[in-house]
């Protein structure tokens, strides 16, 4: 009787698998392969464009009129436009001197530049330090304004918006923006403002980011690989083909009239910079990306800070797409080709599909096919497409090519966090408007690493649990189980990938990532 009962249960499970799980998994495989093809075509297209840009040496100085602003003996400094420099900050104890010092040392006539420090700090000690730093530069003859608010409404967007409302801003033609950890070189304005002066259709000039702490630890090296592709390929291609790309929120110069025509700063999403760029692009303004101009800044050195940043960068674009898709489609000022580029390429493929397919396909669906052998993933979808996409991404950071395997595992781990944030943005639920300022360490980083960590007198169980990310741990265990099953019973030979990827999820899930390593 026991054998009959056992056989009955087995038969029922086989029927459920055959009638429900197999068709469902086949549909998921088909959808994931379709999304992979979309991402593959997008990456290959951008790769081809960037090759032509490099071969033809298509620099922005050749495409747009650019010549240095010349001194005029009769007009004196009035030949230089009036430039406002905004530095938004919030409790930036470690880096406030770097950004303020960099802005105050910009090479530009002293009577034609105005530095505006927008301090939203809630720590009274930090506020006093920032104010004293502003006064110190003011005593040196720098035209610098220290502005505070009685609330943090709108966060960074709110601070920038209120900063633009001061009467003295009306005399300015352009506004340069630097986050608190950004350190522009002295010639930043001399190299960017001429694009705006000589090309009235240009509304924004964006510079590239240069990471001063990319070698601190493996976490920062992984970030550098992802961001270098964005700046080396995505921004270059957008600027060259459509005169449009997403404003990075810092290290850029806006034409104030373009900013105002687009509706100014809005705090409806956590990507106020992208929001402004899209609205300005729909008004017909052109953007110029100057990849050879680099501005120093800092990458998050802790996994906690990086997760907060990635939530904002993944949730915000998805939420903005939800809010603006119809507005983009119905716009009459830009061409149909540009609208297609914005909706399909810029938003749908890069900001939504890229996150979802990475997690759903490579961390859920492909491992599931090990457990249900009736469903197969073709080799071109399992190997060739992801390999090509990965190699194309590696072009951005050739010095880290030896870390490619680590980068793949790390990006797949982060895809869970990004996918979750993407769905939060699309459906506008939960933490959709969460804004946590990314922690910066500045010059304190070296001091922290040179100091010997004190021994803790007792182990605090609360601290360990605070570091555990249970979703990552669950996915890690799932992948390890699939790997064991494939090794023991399967024929797919995915188990090597599944074991490594499962361990990567567990390492991240238990918080063993983002550890400081001496830079020696």
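Residue positions begin at 1 at the first shown residue.
Just so it is clear, glycine is given a Cβ too, placed from its N, Cα and C backbone atoms.
Caution: TrEMBL annotation is automatic and unverified by curators.
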Range annotated as transmembrane segment - as stated in TrEMBL, picked from 384-410, 411-437, 438-464: 384-410
Top partner of the transmembrane segment (468-488) among 27-56, 341-372, 494-517 - counted as Cβ pairs under 8 Å: 494-517
Within the predicted model, mean pLDDT of the domain 'Glycosyltransferase 2-like' (175-370): 96
